[in-house]
Each structure stands twice: as C-alpha cells, then as structure tokens.
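Data block below; observations after.
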C-alpha cells in the first residue's frame, strides 16, 4: 500500500470539531420540527461548537496497544484527545451533535458479541476482548468526508476487515457483506422514539460489495486518538471505508453477514434518490440538494477559519480503489 499523497500536516482535524449536522436531510424526509426541539440541555447553538472548552469531554477510553505503519502516519501532529467527539452523527442517541456525547453513556459495550455468518465456511463469534486482542492493531490517519460536504482527517485505530473475513472463509457464493448495529431500545432512545431517532428504520444497516470489504483500506475500527472508541463514536467497533461518505461507517456493529444478494442499507431505504448503495465520494455527482464539488475542511480554528477546498474523487484514494469500479457508471451507481 503506497503512502497517501493527499495528506499534509495542516490537514489533521481538531478533535473538538469531529462531526456536524444533517438536519436538512431529515426535513427532506418529512420529519417533524418537533424532532429538532427536544428538551435536552445539551442542545447547544452551532457557534458553541467552535469554542472547544464548552464541549463535554469524551469518556475516558482505555489506552490501546497499536503500531503506526509509516504508510498511514505522515508524522502529523494531533489535537489532544480530551477534545474528541463533541459533535457526532449517531441518531440512536438523538439528532443534535451534542446528543450522542450526552446520551451514549447508556450503551453497554462490555460484554459484546460480534457474529460473522452467512456465506462462510467457518462462522465466527467474537467477544469484547477479541476486538482488541485477536488482531494486531494499527493507527491509520484517514481523510473522512461527510455527505453533508464537510471533511476532516482522523487517526483511527483498528485492523483490516479482510483479516476478519479471511478467518470466516467466504464461500464462492458470497458477493456482498451486510453489517448491522446493535438493537437495544432500552439503551438507545432514538430506537424507541422516531422523532429522537430521525424517523429511520432501526437497527441501522449497511453493506459493501465483497471486493470493497476485502480491500486493504477498509478498517474495522476499535479506537481513535490512541484510546478505545467512546460510545458516541461507535464503540466498541465500527466500520471505516475512507473513500466513501461517512454514513457508510456503521457504528456499534453486532453482525456481519456475507450474502449472495445486495443487502439493504439504512439511508438508501430512507431516501433512495439521495443516498445510493455505493456512496463513493465523487465531486462530479451532486447530492440532489447541494453540490459535492467542494467541501468545508474542519480544523482547529474558529468558525471563520473553516476552509473550503475541492473534493477529491474517492476522497483522495483514487489510486488505490478506482480499479474496483472500472466500467461502472458512477453517476448511475452513486
């Protein structure tokens, strides 16, 4: 794997500005304004997001042991870990960016069970400790591009998904990989109430083609900024596919199933004209309601310092992944 050529020191994203909002999307889906008026003290105004010290600190995750392969490092300095995860997209805990940090402490991540099933010769079940001990962990500094036209760079910690799938031995019938988030309404208020959860159908589901899942860039992620993932960021394990829009990065995964047919995915079910199965970052294919040609890079500065920059095809990973889609119409298969 060649060294990523698109990252430079100034690209590293401040942890205090990790996520942004998708309220416009929910309005388009017909979700009532009541969903945006939840009586929660954590519903801060957007400007407070840039103040840094006003955001609740991330829950302390345990330090992880991991390597730092040179191909993914670029010697980039990182923002202190106590500013991570102030704003998140995790609708199971509410729509506002402050809601997951405020509410995700209710999620019990240990014990945890992750099952790998379907078109495999050797079905597997992993427990909480397996996620951080069974595979060598490595830190990878990846660009992350949200479908909402903002971007950042994050040092994820995890292991390539292909290593896990190889243990399960996919059969010749396996063509796709389906992922599912835990369904725990008693712990996740957004799964109990459609207004809190944005009207989505739960549990959250995602999917990849098998060749996408087996690509070396695709990461099963268990940590960020040197420590185990906090619950609002998808603990104990989430998916990162850096050349795709962020909603493909399903959180708190309990099931991975290899299938013959293309699996359903949550945002595609909710709005198929707006969110495709592939969700590859593409500056030439706009969202129906906004351009994808440029993006707001979110760094450590204030609101006036947010810079707009050109969106890179496949989020800057075209050299590594473009061959996966040779001959595929990327406008039709968005």
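Quick reminder: no glycine exception, Cβ is built from N, Cα and C everywhere.
What Swiss-Prot annotates here:
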{"type": "SIGNAL", "residues": "1-44", "note": "signal peptide"}
{"type": "BINDING", "residues": "88, 91, 92, 146, 181, 233, 238, 249, 250, 251", "note": "Mo-molybdopterin binding site"}
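Recorded features from Swiss-Prot, shown on the structure.
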| residue | record | Cβ neighbours (10 Å) |
| --- | --- | --- |
| 88 | Mo-molybdopterin binding site | 26 |
| 92 | Mo-molybdopterin binding site | 29 |
| 181 | Mo-molybdopterin binding site | 23 |
| 238 | Mo-molybdopterin binding site | 23 |
| 250 | Mo-molybdopterin binding site | 25 |
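Secondary structure at residue 250 (Mo-molybdopterin binding site), taken from DSSP and collapsed to helix, strand or coil, is coil. Put simply, the two farthest-apart Cα atoms among 88, 91, 92, 146, 181, 233, 238, 249, 250, 251, the recorded binders of Mo-molybdopterin, are 19 Å from each other.
In this structure, residue 181 (Mo-molybdopterin binding site) is part of a beta strand by DSSP. Reduced to three states, the DSSP call for residue 238 (Mo-molybdopterin binding site) is strand.
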